[in-house]
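According to TrEMBL, the protein has these features:
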- 20-106: repeat 'Solcar' (REPEAT)
- 114-198: repeat 'Solcar' (REPEAT)
- 78-99: transmembrane segment (TRANSMEM)
- 115-137: transmembrane segment (TRANSMEM)
- 170-192: transmembrane segment (TRANSMEM)
Amino acid sequence: MYGNYEVALNQLEYVGFHRKNHSTQSAAALLAGSLEAVLVPCERVQALLVDPRHNTRFPHVFAVLVALVRQRNALRELYVGFTPVLFRNGPSFALYLWLKDLTAEQLPKIVQQNAFLAGAFSGGVASFVTGIVFYPINTIKMKIQAHVEGEHLGFLTTTRLVASRGIGHLYAGLGAHCMGSVLSWAIFQGLYQLLTIR
């Protein structure tokens, strides 16, 4: 995502926007995150593999791909869940980058002097908050993508259905998600800062 972000930032700068401007950075993050929605088939395959109802039918990635491609509307089947991914990716990446920078500015000077530590802490905090804010969209996406064949429920219909079961249902699994997300983004951001600070 950072590669797409840098490309978008460079293009916006090329047409006259200021690179250091928060609005320009947010627009670049929205573009980068939205562009990654092209990878929805990967999330679709993952959603079917983790759903216990499909364990016997889909023992591995290849089985899922074959089943989806053999559908009458193969492209549509691969891109089931595109709308929630689009709503999640761009805005969550923009929020993540803003929170990461905001957190990094608030760190004590001694922490800021260590690129890895500063990056890991700011990335972890930003990931934690972003995960909490956007987790309900992820829950809805998983519900939409867990079905094969037949009519798929739309984004709004699924949102109403999941929300009617209570807020706890929207946030089921949040703890595990946040732990994994914070750890991976903290390590990634720490290494990214360490390798890119010159």
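Quick reminder: no glycine exception, Cβ is built from N, Cα and C everywhere.
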Checking distant contacts: for the transmembrane segment (115-137), what same-chain residues at least six beyond its ends satisfy Cβ-Cβ under 8 A?
84, 87-88, 91-92, 95-97, 99-101, 103-104, 107, 162, 170-171, 174, 177-178, 181-194, 197
Please list, for the repeat 'Solcar' (114-198), how many residues fall into helix, strand and coil according to DSSP.
68 helix, 0 strand, 17 coil
Write out how many residues of the repeat 'Solcar' (20-106) are helix, how many strand and how many coil, based on DSSP.
71 helix, 0 strand, 16 coil
